[in-house]
Amino acid sequence: MPKVLFLLLCFIGVLSSRCSGHDSNGRGDQPLAQINIYKTSLALDTSVNIHASPQVLGLKGEDTEWVDVAISNHKFTSNDWIGVFSPAKFDSSTCWPPKYPNKDRSPFLCSSPIKYTYMRNYPEYTKSGNVILKLQIINQRADVSFALFSGSLDQPVLLGVSNPVAFVNPKAPVYPRLALGKSWDEMTVTWTSGYNINEAVPFIEWSSMGLPARRSPAGTITFNRNSMCGDPARSMGWRDPGFFHTSFLKELWPNREYTYRLGHDLVNGSTIWSKNYTFVSSPFPGQDSLQRVIIFGDMGKGERDGSNEYNDYQPGSLNTTDQLIKDLKNIDIVFHIGDITYSNGYISQWDQFTAQVEPVASKVPYMIASGNHERDWPDTGSFYAGQDSGGECGVPAETMFYFPAENRAKFWYKADYGMFRFCVADSEHDWREGTEQYKFIEHCLATVDRKTQPWLIFIAHRVLGYSSNDWYGKEGTFEEPMGRESLQKLWQKYKVDIAFYGHVHNYERTCPIYQSQCVNGEKDHYSGTFQGTIHVVVGGAGSHLSPFSSLTPKWSLVQDYDYGFVKLTASDHSNLLFEYKKSSNGQVHDSFKISRDYRDVLACTHDSCEPTTSAS
């Protein structure tokens, strides 16, 4: 299908599931989008009392605290709800630009809360109007207040506001995110703070046992409201994101444990420090050692206090996160392959997500890929015309996480980790033959030395390979339109072991496949000559699940309508263990092994070698 026709069909809705992704951008997508904040009316009631304690948070260096919110309301109703606002002072002064549904009056509110919860979830409140809520608050560079509303989310009526609470240092450096650099002996550290470069100089102090301590400088960047492409990211969803600092730790010894901490030298001569963290540096490319990789997509975030989750938008997110934390000593690197936070234009949610994954991302490289909920927005260069990013158009993802791309707006890159080569594509930009991304993909696949890095992995967010998901089945494609047509010859020619996708919120594994035909009859052990690439959908890390088609193609070996993630374990150059684990309990639900020597990679099969002639 010509791209012009494809995009036209997107705009008129014929291919809505392809263009906007598996989710619409309606108000059901993001819990905060349920609130019609512009329609808020003011009805402050002196009989309503709300008190939050403690008023000063983080006295022991914590960046996450539980706050008691005591509420007393003698006129309580079953429709009451409480919103958490940061900054604590909220009024029409934050409105931008001045366009509202009702032109006769300016709204009293025009900034969304960072989260909220229904009071009907608390039996004590629905019986007496009195309750003490326990809500989790993270350090997001500003004070916090709690506001009680009556009426529906569509017609909010503000009844009362609590006293403000704040972290002792709201600007403190928080939520470090590790990522591989562009060379094997480099680790990058990105973190968030409230310090601009004119207030403090950011750096990393790091060391390893037996080596002298070093300091590495960090760069500082941010983005602003004008960086956003549309609403709600530009309007009710906007929140100052703070500043992002990235430091490059270079000339690391392979497989060595390092200790690091985040630092800011203030202009007054003092230094602000984070707590200490540790990581283990990457193995040398081709190094024969135990290497363990986690892969999943579409996780999103959850709230441990139960807020924002009334509609089960991302019910598996915390389970997946907690299983990774529980097994962290047996994990070396993580790939989160798109649909990262599902913030959908509500910028506060990026802080919430980085706080959630901090125990993982501060310890091992946390590599991301671009999905529709990060990138897609009309007329911004994305391949799809949907609005799934909520006006973010890739900016927060590209700014808040490091990835070793040549151009960060073009979200494709290669990553070498020991015996693995990962070729990470960007399904939200054109990947078809002749495009810039196609050339990158072929170069990434072609330049790996399989003698030293035998395990070749392809990654993309949307299913550019095979999926028997319901909407793909109804369309009869079992793939993203135009997905594999250009790429399957590359996977076959360069003998890609496994291709991973998210976007579809379930788990599915194919047989080794080429041109829609199984080329190997085995199910749990593959040995000898490469026959075809195994395609895996692993998009069930957290968001609401996607049903399968009523038709099950012959190439679909295993399906699971549940939450989970994949773990790859390379024990040496000849053996790779694949495990799909349940997020609920960490148990292995599906597994297989690949045993292959270098001579097997060199062997020709099914269009995997250049044509040869008999020269005389």
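The backbone N, Cα and C atoms fix where each Cβ goes, glycine too.
Nobody curates TrEMBL annotations by hand; they come from automatic prediction.
Copied over from TrEMBL, here are the features:
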type: DOMAIN; residues: 50-169; note: domain 'Purple acid phosphatase Fn3-like'
type: DOMAIN; residues: 174-280; note: domain 'Purple acid phosphatase N-terminal'
type: DOMAIN; residues: 292-507; note: domain 'Calcineurin-like phosphoesterase'
type: DOMAIN; residues: 532-591; note: domain 'Purple acid phosphatase C-terminal'
type: SIGNAL; residues: 1-21; note: signal peptide
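The DSSP breakdown of the domain 'Purple acid phosphatase N-terminal' (174-280) into helical (H, G, I), extended (E, B) and coil residues amounts to 3 helix, 54 strand, 50 coil. Across the domain 'Purple acid phosphatase C-terminal' (532-591), the prediction's mean pLDDT works out to 97. In terms of DSSP helix, strand and coil, the domain 'Purple acid phosphatase C-terminal' (532-591) has 0 helix, 33 strand, 27 coil.
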